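Enquirer: My questions all concern the structure below.
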């Protein structure tokens, strides 16, 4: 059976019931992308505690909202999300595949943003979910994030639904390398190229002008000369049916579902909430953040 609640509070409600931490000013560099919100309602926190306590095989889905406290912006948060701060939109899969200039623009911006993006560390939300797994409370974790913070926290029973920016693969031969290794290739190809970012976006992207990226050189696959792409599902692409089926199986084994830090406006994740509700009308506990 799947008990459920509909939540409007932030994911930090979970954090507060497990940690007695001192308050931190939003002036902290890691909190500039955390949206303004009311303090957690003690009644809702208690209900959430009851929900989690009664769950024996908890299925958790996370979104960008749980990584904002690690210093990574999300897309949709009011005032601080990418869509609120700029009219920029993420690269589309079809554009990346067909356009060399689109790939040059993407990789130049990613090259500049990678050192900072790859240095971000898990926050307490990630650590709580890791601890729930160790305690046997969490049956499976599905994240829509591509930032590797759950892996850094130590979560193992996990599916990265949209992949991970820390891996790169060739669209032609399928060869895979670490993103950190590709950074070295970029540096070797562009020894004198420099650009200063004037904004930051999710997923390691930064804001650069067309003039800044004009002379940036993009390496090809060292095995076959094919196109290199981050191992992530870009907007306009689809998650593999094999991965979707695997996640549905983990959901079927669970007795409750918790959505944390996600508006669930992307169907690739929302489909699992729909599937859970089809099993039992009152199913999902939902924490946006």
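Cβ coordinates are placed from backbone N, Cα and C, and glycine is handled just like the others.
Below, the features straight out of TrEMBL:
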- 38-289: domain 'Deacetylase sirtuin-type' (DOMAIN)
- 162: active site, proton acceptor (ACT_SITE)
- 170, 173, 221, 224: Zn(2+) binding site (BINDING)
Enquirer: Using the alpha carbons only, what distance in Å do you get between residue 173 (Zn(2+) binding site) and the residue listed as 'active site, proton acceptor' once rounded?
Expert: 20
Enquirer: Taking just the CA atoms, what is the gap between residue 170 (Zn(2+) binding site) and residue 162 (active site, proton acceptor) in Å?
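Expert: Computed Cα spacing between residue 170 (Zn(2+) binding site) and residue 162 (active site, proton acceptor) is 17 Å.
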Enquirer: In whole Å, how far does the CA atom of the residue listed as 'active site, proton acceptor' lie from that of residue 221 (Zn(2+) binding site)?
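Expert: Rounded to the nearest whole number, the Cα-Cα distance is 22 Å.
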Enquirer: Same chain, not part of 170, 173, 221, 224: whose C-beta falls within 8 angstroms of the C-beta centre of the Zn(2+) site? Give them in sequence order.
Expert: 171, 172, 174, 175, 220, 222, 223, 225, 226, 228
Enquirer: Measuring CB to CB from residue 221 (Zn(2+) binding site), give everything in the same chain under 8 Å that is also at least six residues away in sequence.
Expert: 170, 172, 173, 175, 227, 228
